[in-house]
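For reference, the structure discussed in these notes is given below.
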Amino acid sequence: MRQYVIKGGNPLVGDVTISGAKNAALGILAAAIMSDEDVLIDNLPDVSDINVLLQAIASTGAKVVRVDRNTVKINGKSIRSYRIDDCFIRKIRASYYLLGALLGKYKEAEVSLPGGCNIGSRPIDQHLKGFKALGAHVEIENGMIMAKAEHLRARHIYLDMVSVGATINIMMAAVMAEGRTIIENAAKEPHVVDVANFLNSMGADVKGAGTDVIRIRGVQKLHGSEYTIIPDQIEAGTFMCAAVATRGDITIRKVIPKHLESISAKLEEMGAFVDEMDDSVRVVAEGRLHPTNVKTLPYPGFPTDMQPQTAIALALADGTSVVTESIFENRFKYMDELARMGARVKVEGNSAIITGIKQYKGAHVSAPDLRAGAALVIAGLAADGYTTIDGIEYIQRGYENFDGKIRSLGGCIELVEDDKDIQKFKLKIS
Ligand code: UD1
């Protein structure tokens, strides 16, 4: 079984370059099939979620050429099938973006219903409500969502809650609808804006992305484009927390500091020094951290995808902090794992009460999901002794070369296959 083994205790120091945003890339790759011309996308993160989505796209008959590790060329002209198989949606939930893209372009799509997920139940009623509002007939049969329309007609759509996925999916379906669609209570996350910018680069007419009202005037077709994906806000935030938890000094390069403001503000409350430059941030932490409270909210609030990494740093603060999760109901599963490393944590409803300790103790833990997995790696880096982490396939879904980047900052981490490899690692670093 693949695991990470970590010898903690080294402050992470140096420079790290952030990859393209996974969550933006998922929307952009799906949207790329909407053109019948070549679309070249770069700054693509080389992570397993992206590679699975590319396979799902290729399964429709679209041409997918991996130009290099971080660049792909897609041409949707050869698409013959509007159906995305269950095997893809099981591996990666976000293949449901192909529903909006195929429906928008061909007025027909069939995608398997995404199941539950280990961070909570994740309904897609708002996505379907949007498609129906645009005039699609939507049916669920044998676990498949079937959406079909003679014509898609623009409408005024109010989302009942702020949803990144619904905003992106409806936006894609609406770019080739007749007339002007308005999405109210839209998500404002940086990746929503990036997908809108990408659609516009193909000739779509999307205005207002980044605010809570998005206006889309339908066009008849989309042309080819060359597009660079924005840097990953969450990968950057993860390294910021790694600097803080290990009392290190990391300059995080190729970022958009504006996207990191809520994270920077929290880390400063914890006593870290954060210096924002044009396209990099430096994070330095020394001594004992201060406790503080965190509540996750839609952008520009504190991201739910940064909740575990921040909690890992707070569990080393001098006092008690409260972390409140208001987006997903089941996002504290990693707290049991953290307790194995000595953390003093108590989960009550959607809050975790965390009383800081001086240092984690290395332990054998298991990643319950992507971001919590990355957070446990940070805990291992800050711990006294050895930590082994199972379930690293979750981490590889969203972090490009995570262990390599950590090693370049002086962290002792290795991807291992078995006990023999662990022994070798221990011998190497002792
Ligand atoms: C996206 C991100 C994920 C991030 C989340 C919140 C991608 C691929 N994933 O997930 O990393 O944690 O945003 O920032 O971009 N909801 C409904 N009905 C719907 C849609 C959503 O009830 O139809 C609820 C969800 O259960 C959740 C909340 O709305 O409580 C927000 O979910 P949403 O923003 O849609 O998250 P995702 O797009 O799935």
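Don't overthink the numbers, they just go from 1 along the chain as shown.
Glycine too: its Cβ is placed from the backbone N, Cα and C atoms.
Note that the structure is predicted; figures quoted are calculated from it, not measured.
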Report task. Going by TrEMBL, R122, P123, I124, D125, Q126, D305, I327 bind UDP-N-acetyl-alpha-D-glucosamine; tell me which of R93, R153, R155, R282 is listed for that site too. Result -> R93
Report summary line: CB < 6 Å to ligand 1, subset of binding-site residues K22, R122, P123, Q126, I327, seq order -> R122, P123, Q126, I327
Query raised in the report: List, in sequence order, the same-chain residues at least six positions removed whose CB sits under 8 Å from that of Q126 (UDP-N-acetyl-alpha-D-glucosamine binding site)?
Result: L159, D160, M161, S163, A166
Query - Site of maximum Cβ density within 10 Å, from binding-site residues D125, D305 - result: D305
Query raised in the report: Across all chains shown, how many C-beta atoms besides its own are within 10 angstroms of the C-beta of P123 (UDP-N-acetyl-alpha-D-glucosamine binding site)?
Result: 13
Query raised in the report: What is the separation, in Å, between the Cα atoms of R122 (UDP-N-acetyl-alpha-D-glucosamine binding site) and K22 (phosphoenolpyruvate binding site)?
Result: 19
Query raised in the report: So what's the average pLDDT for the domain 'Enolpyruvate transferase' (7-405)?
Result: 96
Requested in this report: If we count other C-beta atoms within 10 Å, could you say which of the binding-site residues R93, R122 has the fewest?
Outcome: R122
